[in-house]
Amino acid sequence: MKCTRETAMVKSLLLLMLGLAILREVAARKNPKAGVPALQKAGNCPPLEDNTVRVDIRIFNQNQGISVPREFQNRSSSPWDYNITRDPHRFPSEIAEAQCRHSGCINAQGQEDSTMNSVAIQQEILVLRREPQGCSNSFRLEKMLLKVGCTCVKPIVHQAA
């Protein structure tokens with residue numbers, strides 16, 4: 001009977017020591033100053049490409065009946081093309097940005113009219129910027145000015161006095 005009581009006590013002490021070791025490891029991960037976890041040592045982090053972020057971008061209560069023409073950038077009097085910008089430290093990592101094809105506008109005959117100006121339409125958007133901290137990543141919101149299309153405007157004319 002004495003042997004089983006000693007065995008039970010040894011098991012309890014081992015479980016207590018294991019629990020304390022786990023708590024210490026968790027505390028070290030939450031507070032890097034308390035101790036550097038093994039994963040955060042240089043060279044032990046997984047490659048950046050293996051890290052992904054999942055964001056549900058479905059829009060609820062959107063009107064499903066309206067379809068937007070896909071090639072309106074070609075039918076505009078100020079046509080534009082899209083260029084893809086890539087940044088692995090940004091989410092989304094790829095963003096399409098408009099670039100005006102001409103400095104002037106296209107007239108009814110399909111010719112460029114240099115008496116009018118083709119200018120980019122800009123929209124401020126929010127993106128997530130990845131900030132690596134050891135192996136874990138945190139993200140911060142960042143404003144970005146994005147060219148979303150082009151429009152035709154009258155030029156600004158300054159009169160000399």
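Even glycines carry a Cβ here, placed using N, Cα and C.
Counting Cβ atoms from all protein chains shown, C150 (disulfide bond) has 24 others lying within 10 Å of its own Cβ. According to Swiss-Prot, the feature disulfide bond maps to C100-C150 (among others), an assignment based on similarity to another entry.
Cβ contacts within 10 Å of C105 (disulfide bond), excluding its own Cβ and spanning all protein chains shown: 24. DSSP classifies C105 (disulfide bond) as strand under the three-state reduction. Annotated disulfide bond per Swiss-Prot: C105-C152 (among others), in sequence order, evidence recorded as similarity to another entry.
For the recorded site, N83 (N-linked glycosylation site), the DSSP three-state label reads strand. Marked as N-linked glycosylation site by Swiss-Prot: N83.
Marked as signal peptide by Swiss-Prot on the basis of sequence analysis: 1-28.
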(message) Using the alpha carbons only, what distance in Å do you get between C150 (disulfide bond) and C105 (disulfide bond) once rounded?
(response) 10
(request) Could you say whether, by DSSP, C150 (disulfide bond) belongs to a helix, a strand or a coil region? (result) strand
(request) Using the structure shown, find which entry in N83, C100, C152 (the recorded positions) has the sparsest Cβ neighbourhood within 10 Å. (result) N83
(message) Just to verify a number: CA distance, C100 (disulfide bond) to C152 (disulfide bond), in angstrom, no decimals.
(response) 10
